[in-house]
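Here's the structure we're looking at; comments come further down.
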Amino acid sequence: MSVTNTASSSCELRAGGGLSGTVRVPGDKSISHRALLFGAIAEGVTTIEGLLPAEDPMSTAACLRAMGATIGPIHVGQIVRVEGVGLDGLQEPQDVLDCGNSGTTIRLMLGLLAARKGRHFVLSGDASLRRRPMNRVGQPLTMMGAKIKGRSNGDFAPLAVSGQKLRGGVIGTPVASAQVKSALLLAALTADGATTVIEPAHSRDHSERMLRAFGADLEVGGEMGRHIRVSPGQKLYGQNIVVPGDISSAAFWLVAGALVPGAELVVENVGLNPTRTGILEVLQQMEARIEVLNRHEVAGEPVGDLRVRQGSLKPFSINGDIIPRLVDEVPILAVAACFCDGESKITDASELRVKETDRLAVMTRQLTAMGADIDEHADGLTIRGGRTLRGTDLDSETDHRVAMSLAVAALLAEGNSRLTGSEAAAVSYPNFWDDLERLHR
């Protein structure tokens with residue numbers, strides 16, 4: 001495929017050809033957010049190597065700077081320096097905190113700022129973020145004594161936060177969401193008494209790993225690590241953080257490499273945290289030819305290189321506890337399902353309806369336009385693969401993961417496609433289009 005930018009908001013995608021080479025995906029988005037945030041509330045200096053220099057982490061950095069944290073320039077390939085202000089050092093900003101398009105930023109900030117007694121904050125973001133539900137964070141925080149006001153009884157930004165001294169206790173999260181869990185863990189750091197957070201299913205655990213590294217008194221227990229207990233009173237201290245490559249970004253190359261005729265790719269330095277490797281388990285279920293090479297550990301996170309070769313894929317069925325471990329990879333798995341002979345089914349994935357877009361609806365709409373055979377359900381998709389996809393006019397509908405998933409679909413289609421909203425990829429993978437152009441043969 002060749003990629004031709006026809007305007008700032010669209011590109012021409014030409015199908016055909018092979019895919020080979022080595023690629024290093026950007027730093028993990030989830031870890032990048034947390035490294036910035038935990039560094040800002042620690043004492044001393046935190047250095048971050050490999051931080052994702054994309055729009056979402058930039059939103060987190062901007063909010064923290066507005067409250068008094070000193071964060072150095074964020075550029076590709078440069079170590080970022082964060083001078084922490086301590087657990088209670090963040091100050092009232094002079095303006096609304098703009099979280100951009102980042103659900104992680106606004107939800108983690110809610111947990112942190114709700115516990116800043118005597119200070120007041122207003123959090124907002126772009127039009128997409130203002131449509132995303134926030135009560136999943138606000139309601140459990142309210143049980144701890146938080147005061148959060150917003151549209152639709154606090155479910156939609158802008159949100160006004162009046163900082164309080166929060167109470168510890170046993171708090172259940174309404175959904176298996178690392179964002180919700182992390183917000184509660186941040187609130188628990190300065191609560192009155194210990195807090196135990198209980199999830200309905202195990203979500204990604206980057207916050208638990210990193211908070212312990214920074215010095216928090218945090219214990220993980222219960223079935224599959226679903227009970228997390230935080231005892232307040234411990235200071236956090238600056239750390240040297242190395243951010244591995246984002247497996248959610250690697251997923252696009254894994255699927256493309258598994259499907260493009262003759263393809264062989266190596267994706268280097270990918271984070272292999274077991275709460276994030278659901279995509280590898282499903283691809284193995286599909287009999288994709290994937291090897292994990294050079295396994296090692298960096299800053300408490302398992303890392304490795306992934307080699308993928310093209311081969312025939314079998315249909316798959318996913319549901320239940322694996323969904324939180326691959327929730328961001330469902331769009332690219334929907335593309336993969338279109339090229340399997342047989343029926344694939346995704347259920348228990350209603351969480352995708354409240355992402356940057358309604359990803360179930362958007363992927364159904366866009367892939368159907370290419371000729372895919374898809375039934376959309378309340379909580380998932382049924383996809384009958386084996387039909388030839390045709391190049392056509394496509395639209396990311398402002399969603400970064402949709403944009404990159406459709407690029408892979410276009411690579412495998414018959415005929416060219418035009419993608420509107422290609423710039424959305426910059427939210428998590430600023431160099432995606434450059435890497436695609438380089439790897440195409």
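Glycine is no exception: its Cβ is also placed from the backbone N, Cα and C atoms.
Annotated features, as they stand in Swiss-Prot:
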ACT_SITE  Asp328  active site, proton acceptor
BINDING   Lys29, Gly103, Arg132, Gln179, Arg359, Arg401  phosphoenolpyruvate binding site
BINDING   Lys29, Ser30, Arg34, Ser177, Gln179, Asp328, Lys355  3-phosphoshikimate binding site
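Here the C-alpha separation of Gly103 (phosphoenolpyruvate binding site) and Ser177 (3-phosphoshikimate binding site) works out to 11 Å. All protein chains shown were included, and the count of other CB atoms within 10 Å of the CB of Lys29 (phosphoenolpyruvate binding site) stands at 24. Neighbour counts of Cβ atoms within 10 Å were compared for the binding-site residues Arg34, Arg132, Lys355, Arg359, Arg401, and the top value is held by Arg401. Under 8 Å, Cβ to Cβ, and six or more positions away along its own chain, Gln179 (phosphoenolpyruvate binding site) finds Gly103, Thr104, Arg107, Leu108, Val137. Long-range Cβ contacts of Asp328 (active site, proton acceptor) within its own chain (separation 6+, distance under 8 Å): Ser248, Ala251, Arg401. Put simply, Ser30 (3-phosphoshikimate binding site) is 18 Å from Arg132 (phosphoenolpyruvate binding site) when counted between their Cα atoms. Neighbour list (Ser30 (3-phosphoshikimate binding site), Cβ cut-off 8 Å, at least 6 residues apart, same chain): Thr104, Ala178, Arg204, His206, Asp246. With Lys29, Ser30, Arg34, Ser177, Gln179, Asp328, Lys355 listed as the residues that bind 3-phosphoshikimate, the site has a largest C-alpha separation of 19 Å. Its Cβ taken as reference, Ser177 (3-phosphoshikimate binding site) is surrounded by 22 other Cβ atoms within 10 Å in the chains shown. Its Cβ taken as reference, Gly103 (phosphoenolpyruvate binding site) is surrounded by 22 other Cβ atoms within 10 Å in the chains shown. In this structure, the CA atom of Arg34 (3-phosphoshikimate binding site) is 25 Å away from the CA atom of Arg359 (phosphoenolpyruvate binding site).
Taken residue by residue with DSSP, Arg132 (phosphoenolpyruvate binding site) is part of neither helix nor strand, so it is coil. On a Cα basis, Lys29 (phosphoenolpyruvate binding site) lies 15 Å away from Ser177 (3-phosphoshikimate binding site).
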